[in-house]
Amino acid sequence: MILLKLTLLSLWNRRASLLLTILAIAISITLLLSVEYIRKEAKASFLSTISGTDLVVGARSGSVQLLLYSVFRIGNATNNISWKSYQELAANPLIEWTVPLSLGDSHKGFRVLGTNQDYFRYYRFGDKHTLEFAQGQTFSGVFETVLGAEVARKLGYKLGDKIVIAHGTSKVNTALHADKPFTVIGILKPTGTPLDRTVHITLEGLEAVHLDWVAGTKINGYNLSAEAVLKKNLQPKLITAFLVGLQSRAAAFRVQREINDYKREPLLAILPGVTLADLWQALGLFETVLRMISGLVVVAGLVGMLTTVLSTLNERRREMAILRAVGAHPRHILLLFILEALVLTLVGCLIGMMFMFALVYLARPWVIAEYGFYLRTWLPDLSSLSLVAIVASLALVLSLLPGTIAYRRSLQDGLTIRT
Amino acid sequence: MFIRGSSGSGKTTLLNLLAGILTPSSGQLRVLEQDMNQLSNVARDRFRADHLGIIFQQFNLLPYLSVLDNVTLPCEFSKRRREQSGELNATATRLLEDLGLTNAMTTTSITQLSVGQQQRVAVARALMGKPELIIADEPTSALDTDTRDSFLDLLFSEAEAQGSTIIFVSHDHQLACHFSRTLDLQRVNPV
């Protein structure tokens with residue numbers, strides 16, 4: 001079609017000045033797409049903070065609260081689960097594995113998690129990734145600890161270092177379990193989950209440091225040395241929560257009901273995926289704001305294009321008169337401007353998408369290595385294509401302005417060449 | 001047909017009327033037996049595309065099109081002229097050759113052509129598809145005397161060869177001798 005050919009050649013003729021316009025559109029599209037990408041990746045990463053775990057069980061409270069303290073290490077548990085109940089529930093034949101979690105202490109602002117070796121065997125995050133060790137291995141002794149990647153990096157710990165955990169979770173620690181230090185035996189690879197900020201110790205270790213404590217304070221004159229403590233019964237009496245893996249996922253609701261109806265003490269079992277989704281929903285406002293900002297940037301890019309096209313209107317009056325002389329209708333002129341805006345926008349979108357692909361392609365390995373976020377490569381999908389379609393229609397609407405001006409002028413000017 | 005008139009005498013208005021850009025506010029206008037008042041806007045545009053070749057004073061060509069594309073441009077907007085041209089590029093090349101533009105020139109950029117050469121390309125465009133009327137609005141005013149005379153000769157011989165009438169507007173009465181009919185706008189329409 002001749003109009004498209006004219007548009008393309010005319011644009012090509014003005015390519016130098018249009019390059020910046022296209023670049024502005026491309027950058028705004030890149031921003032729009034990357035906001036959309038980050039939003040999706042953040043959601044995917046958030047929703048897969050914990051995977052492969054069918055149920056999370058804690059003392060009865062809110063499901064979001066349980067998820068926050070057991071998985072995200074935010075806030076505190078209101079109550080504990082007795083070891084006896086835990087043993088009893090874990091014996092359910094539908095349950096394949098359980099991992100006990102005990103929280104409440106901290107190390108220099110990082111939460112301390114008491115657990116056992118099963119944690120490193122069964123915990124999954126992201127796309128069913130297992131926990132991997134950057135250095136060392138899982139703990140076997142009572143006074144050994146495995147650090148999350150960020151803990152080790154921020155505090156500069158290496159294997160063999162001795163750390164002291166503090167009682168409670170407040171950042172200003174006065175009550176230290178100073179007499180019973182833990183040796184760093186392993187450091188995990190980054191996972192992009194709250195695990196990176198966790199100090200893992202054994203349940204027995206946690207029990208040991210608290211043996212000579214009652215009701216949150218150290219008992220004066222009652223000091224057990226680290227060696228003496230090892231001879232005591234270190235079987236914990238309470239745990240904070242436990243993770244459950246089932247033989248078959250189909251049994252999840254059944255086991256959940258059984259635990260919720262457990263008579264001995266009030267417990268709550270949640271499906272982590274469902275609660276994660278609920279929690280994400282609550283953070284929805286943040287998504288909307290991000291989207292609005294990137295939307296506005298795209299509008300700014302398109303207005304930039306509008307300005308460029310409008311500023312060329314005068315110098316293109318001759319072009320319009322020539323076209324009118326060879327038989328073009330004013331509507332052809334209008335169409336010419338619409339096509340021009342569309343071509344500019346689509347080329348901008350295309351370059352923007354290429355930027356986006358390159359950006360993710362280049363940033364991905366670094367982000368995975370540094371932060372443990374398992375980013376997926378970016379490829380134009382249906383939702384990004386529909387975004388592009390929305391932008392293109394917006395460009396079409398905006399192009400009606402210069403188009404109409406040129407249309408009116410070509411009616412007035414006719415064959416007269418005005419400069 | 002030579003139409004003479006100094007500036008402000010209504011030359012451009014007359015051309016716009018003939019080309020169907022304007023319609024008379026009173027009276028009747030017939031171009032090639034067609035009552036222009038009766039045609040809609042779209043129809044007048046089509047009429048212009050089909051039956052008229054137009055040559056401006058200067059800057060006739062679209063700088064981003066090749067010489068050949070400039071010449072064949074009217075045929076893109078008029079089916080009639082496309083059908084009368086035969087094979088577009090061949091006809092255009094022949095016209096350009098007749099007008100003294102070599103093949104090498106037709107492939108160069110418009111901006112590298114001299115004004116005289118550009119005007120000859122414009123003539124070739126106006127002649128494409130054998131329109132009945134060729135309207136020329138001071139096409140020679142940017143040319144020097146020698147180029148002007150050879151330009152006119154070429155215009156006449158080519159128009160005659162395909163039977164197109166030339167309506168030539170200028171303020172320069174020296175040119176009148178080249179034409180069979182002359183009309184002085186100042187006499188018709190004393191302002």
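Glycine too: its Cβ is placed from the backbone N, Cα and C atoms.
Annotated domain 'MacB-like periplasmic core' per TrEMBL: A:19-210, in sequence order.
Note: the domain 'ABC3 transporter permease C-terminal' (A:292-405) comprises 96 helix, 0 strand, 18 coil (DSSP; helix = H, G, I, strand = E, B). Here TrEMBL flags A:292-405 as domain 'ABC3 transporter permease C-terminal'.
For A:16-38 (among others), the entry in TrEMBL reads transmembrane segment.
When Cβ-Cβ distances below 8 Å are used as the criterion, the transmembrane segment (A:292-313) is approached by residues 14, 17-18, 21, 24-25, 27-29, 31-32, 35-36, 337, 340-341, 344-345, 348, 391, 394-395, 398-399, 401-402, 405-406, 409 of the same chain, each at least six residues removed from its ends. Summarising the annotation, TrEMBL assigns transmembrane segment to A:292-313 (among others).
If you look up TrEMBL, you'll see A:334-362 (among others) marked as transmembrane segment.
For the transmembrane segment (A:382-401), the list of distant contacts is 29, 32-33, 36, 298-299, 302-303, 305-306, 309-310, 334, 337-338, 340-342, 344-346, 349, 353: same-chain residues at least six beyond its ends, Cβ to Cβ under 8 Å. Taken from TrEMBL, the feature transmembrane segment applies to A:382-401 (among others).
Outside the transmembrane segment (A:334-362) by six or more residues, the chain places 3-4, 6-8, 10-11, 18, 21-30, 32-34, 37, 301-302, 305-306, 309, 323, 375, 377-380, 384, 388, 391-392, 395-396, 398-400, 402-404, 406-407 with a CB less than 8 A from a CB of the stretch.
Sequence-distant contacts of the transmembrane segment (A:16-38) (same chain, at least 6 residues past either end, Cβ-Cβ under 8 Å): 290-291, 293-295, 297-298, 300-302, 304-305, 308, 312, 344-345, 347-349, 351-353, 355-356, 359-360, 378, 383-384, 387-388, 391.
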